Amino acid sequence: MNEIGLGHFLSVAAVLFTLGTLGIFLNRKNVIIILMSIELMLLAVNINLVAFSIYLNDIVGQVFALLVLTVAAAEAAIGLAVLVVFFRNRGTIAVQDINLMKG
């Protein structure tokens, strides 16, 4: 029976990270797609952290992955809240319109 090794985890993480990067570079008009691509990249990083944690028999990578998941959830919630407020004020969430915001 074949065992799933470190190389398999790293390959899946590399594909996910590449898809997230392509999602950011190829779609610059929709902010929600950009946020989803960033979350996909963070998921790939978490897979790497957990894979190396298991491979090295150390729990620090898994703890750090939980920390990254917590921060990513907070980042997504704040980002979506800002988008909802912006959509209510402007009626659009296009990236070129967001560049007009002044603080």
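Every residue gets a Cβ built from N, Cα and C, even glycine.
Remote same-chain residues near the transmembrane segment (6-26) are listed as 33-34, 36-41, 43-45, 47-48, 50-52, 55 (criterion: CB distance under 8 Å, separation of at least six residues from the stretch ends). If you look up Swiss-Prot, you'll see 6-26 (among others) marked as transmembrane segment.
Annotated transmembrane segment per Swiss-Prot: 32-52 (among others), in sequence order, evidence recorded as sequence analysis.
Residues or ranges marked as transmembrane segment in Swiss-Prot (evidence: sequence analysis): 67-87 (among others). Long-range neighbours of the transmembrane segment (67-87) within the same chain, counting only residues 6 or more positions beyond its ends whose Cβ lies under 8 Å from a Cβ of the stretch, are 31-32, 35, 39, 42, 45-46, 49, 93, 98, 101.
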